[in-house]
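TrEMBL feature annotations, pasted as is:
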TRANSMEM  B:28-55  transmembrane segment
DOMAIN    B:88-305  domain 'ABC transmembrane type-1'
TRANSMEM  B:94-116  transmembrane segment
TRANSMEM  B:128-149  transmembrane segment
TRANSMEM  B:155-172  transmembrane segment
TRANSMEM  B:179-203  transmembrane segment
TRANSMEM  B:223-241  transmembrane segment
TRANSMEM  B:253-275  transmembrane segment
TRANSMEM  B:287-308  transmembrane segment
Amino acid sequence: MSGTAVSKEPVPRRRLSINQLILTIVLFAGSFIMIIPFLWMLITSFDWAARLNITFPPKIWPEEPSIRTFEVAFTNIKMFLYIGNSTLVSAGVILISSLSALLSGYALSKLRFKGANIVLLLALSTMMIPFEMTMIPQYLLFSELGLVDNYLAFYLPAMNYAFGTFLAKAFFDQLPSSLREAAVLDGAKEFTVFSRVYLPLCTPIIATMVILLFLGVWNDMLWPLLILKSASKYTIQIGLAMFTYNNGINQQPSIIMAATTASLIPVIAVYLFLQRYIIESIALSGIKQ
Amino acid sequence: MSSTPEGKGSAVHGGLPKRKFRFTRNDWMGYLFSAPLIIGVLVFAIYPMFAALFMSFHQTSGLNLTGTWVGLNNYKYALGDTIFWQALSNTFLMGLWSVVLGIAFSFILASLINNLKWNLGRNFFKAVYFLPNVVSGVATTLLFSFLFFPSKEGLINFVIGLFGIEPIGWFTNPQVAPYSIVLMSLWGALGYNTIIFLAGLQSVPRDLYEAAEVDGAGTYRKWLYITIPYLRPIFVFMLIMGTIGGMKRFTDVWLIGGTAGNPGGSLMTVVLYIYRNAFLASQMGLATAVSYLLFLIILILTVCLMLLNRRKDSLD
């Protein structure tokens, strides 16, 4: 009866719990190793004693706790400017890429125009081309156009977001076409159908694209390295990289760690709030590819 | 289901041969909506691809696109350049270890997390292990340049010093530097692979396990004979993505070793070789030739890995 059902359950559970405990401990130990670099970065970044060289032995608390390291970092490396620039670049790329992807995804899924399959195939096959192969002609193109050191060099290529088109098309395919047919019968213009009827339903896929694009653009270094010449235009990655590149790596530990900490704050803040969505988006992008 | 949408549909799909090349309003709309994508793909993917091929047959000086035709000389030069071969072998070495260790560790980690019954803990561990993945290559490299500090002050050297091991020149000893890069990229990429594997693990049908349990299979054998074979497509996907990523290594080695690939050229990679020739030596022709070689290598590796998967499939 009910008594047997209750007594049956705890037996396997108790047997498993030792394994589960070991498992949990192993995973905790592993996660500790994973976050040691961050902890060490934070400790060093607040340690005025480590401004010229690493202190020995390693501390679990700064030798001379101070935020002066951050003051020095922010005066030597124009962090506010770079973070602002990165925000500008990311926002533009996110806007252009996701709009391009949504518009083309909508057209490919719902309009089914002549040649739609060719367009999709062409776009998807270009995803195979490594950026490293096209970067030199792209750089020369922008230098011919006089757009080196100009954020248009980020915004214009953002139109080519084939993976986003693929994601958006797959998403629109799941939405019923009858919505469009009904709206068209009511005399709605095509763009109105797109923006008023379908776009409000697209928040999940927009969120995915924004997350993937933000992480990609915010952390990118190679293209900014080629395009950005003047220090006032630097994005955060290139600003940080150029500072260490020019001063030599392994110099001024606490200053560099303070700057690195500051550069990570936006990404980690976004991660803390959207952690679940970010992980889902990455998993989705991995599986879809 | 009225006749109107159907009639419209046949016109749209060009069902009537006479109308094949007549664009309806719908077709124009389609191209208008796709215009940003089409322009983007043509100008920033297709054109540069052909321009790179064109340039690779030319000797360029300075930043002009037109140079003198030299045929295959750029390719010949690269294939005869010891630095190119060094770059290629370094790239392979680091790529191979990163991929193999990355997949092994993340698969074990994903299996461990998946077996955890504690839901909150599962999400917590996912989040923690994934965290390094949102950190940029620049920040990762800076972090590890101090963790791997060459003298006894570095954290890692301090820890191994507790076991009586002499300080290692992680990023300064040419023999060690490539492996330090592997360790660093392992930290950065572990979470990504783990998330993909976890998604895969959750997709394994339960009844397969139940059937195996009936046959008396334990946890380990279920893992070996059901989970691993079932996830083979994901393993292949990881191999392909990891290989492609590994072949493109640039940011970390550039920041640590500069354009010379120091220490002692041990961190010279193919992309670094391309970058150095294009933007320091203004040898755009040579650089594009090498970028085509890189593309070919990636393509061949990708095709080989895909074939490997197919052959195994047919054997089973």
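Including glycine, each Cβ sits where the backbone N, Cα and C put it.
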Any contact between the transmembrane segment (B:179-203) and the transmembrane segment (B:28-55)? By contact I mean 3+ C-beta pairs closer than 8 Å, pairs at least 6 apart along the chain.
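Counting Cβ pairs under 8 Å (6 or more apart in sequence), the transmembrane segment (B:179-203) does not reach the transmembrane segment (B:28-55), since there are fewer than 3.
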Is the count of Cβ pairs under 8 Å between the transmembrane segment (B:155-172) and the transmembrane segment (B:28-55), pairs 6 or more apart in sequence, 3 or more?
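Stretch pair does not touch.
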Are there at least 3 C-beta pairs under 8 angstroms linking the transmembrane segment (B:94-116) and the transmembrane segment (B:223-241), leaving out pairs fewer than 6 apart in sequence?
yes
